[in-house]
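Quick look at what TrEMBL annotates:
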{"type": "SIGNAL", "residues": "1-44", "note": "signal peptide"}
{"type": "DOMAIN", "residues": "45-140", "note": "domain 'CopC'"}
{"type": "REGION", "residues": "87-108", "note": "region 'Disordered'"}
{"type": "REGION", "residues": "139-177", "note": "region 'Disordered'"}
{"type": "COMPBIAS", "residues": "155-172", "note": "compositional bias 'Low complexity'"}
{"type": "TRANSMEM", "residues": "180-205", "note": "transmembrane segment"}
Amino acid sequence: MAIAEPIKKKTTTRAVALRRAMTIPTMIALAVFALLMSPTAAQAHDQLVQSDPAQDTSVSTAPDHVTLTFSGDITHVDNGNKVVVTDSHGKTVSNGETTVEGKDVTQKISSDAENETYKVAWRVVSQDGHPIEGVYNFTVGDGGSGDQAKPSNEASSDSSGGSDSSDAASSDSETKDSGLPVWVSALIGAVIALGVLAVVALLIARVRAKKNDEGR
């Protein structure tokens, strides 16, 4: 019994040191994980909030340009921001370079655009550096064939089809991010952080336990 007692005490001391070493790193890891998984991080990418002409609307005369407004300033990147407008036959009617000014992206349209349905395909670089893209339609006059084609994006849309340009906010659901989803990046970062902190905690625990052993 005289030998068993010191062994038990040494084991208890080692366990206490390990728990203490794990406490602070664990709290830090949980804080980092919560920060990475917060709604702010998950919604980092910009979204299309308005367009003129608006999605699935009909205008009496062909516009001379298309303007897209996003939730954040668009990043200026060579050949990174592009808006292409085509008619129902696939003919390109957009004319000139796509211009970016803050949250607004503008593309001129040829003056010979006729009455029919047009498709607006856009791709821009959001302020967080990730490219996003989307597609929507609008009609000039009676649309020629009379039927409006629906957006080709896989994502669903709850567009009301109203005549006001603010209805284009529904095209948010059509925005596609061509980069890695933010929540995936956050999860990977959190796992890595937890792994590193766990290793550090174990090393600290071993050092403290060794010092306690040497002090006896």
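Keep in mind that glycine also has a Cβ here, set from the backbone N, Cα and C atoms.
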Original post:
Who are the long-range neighbours of the region 'Disordered' (87-108) in its own chain, taking Cβ under 8 Å and residues 6 or more past its ends?
Top reply: 64-74, 76, 81, 114, 116-120, 122, 124, 144-145, 149
Original post:
Quick one: DSSP breakdown of the domain 'CopC' (45-140) into helix, strand and coil?
Top reply: 0 helix, 52 strand, 44 coil
Subject >> Segment-level pLDDT (mean, integer) for the domain 'CopC' (45-140) >> reply: 95
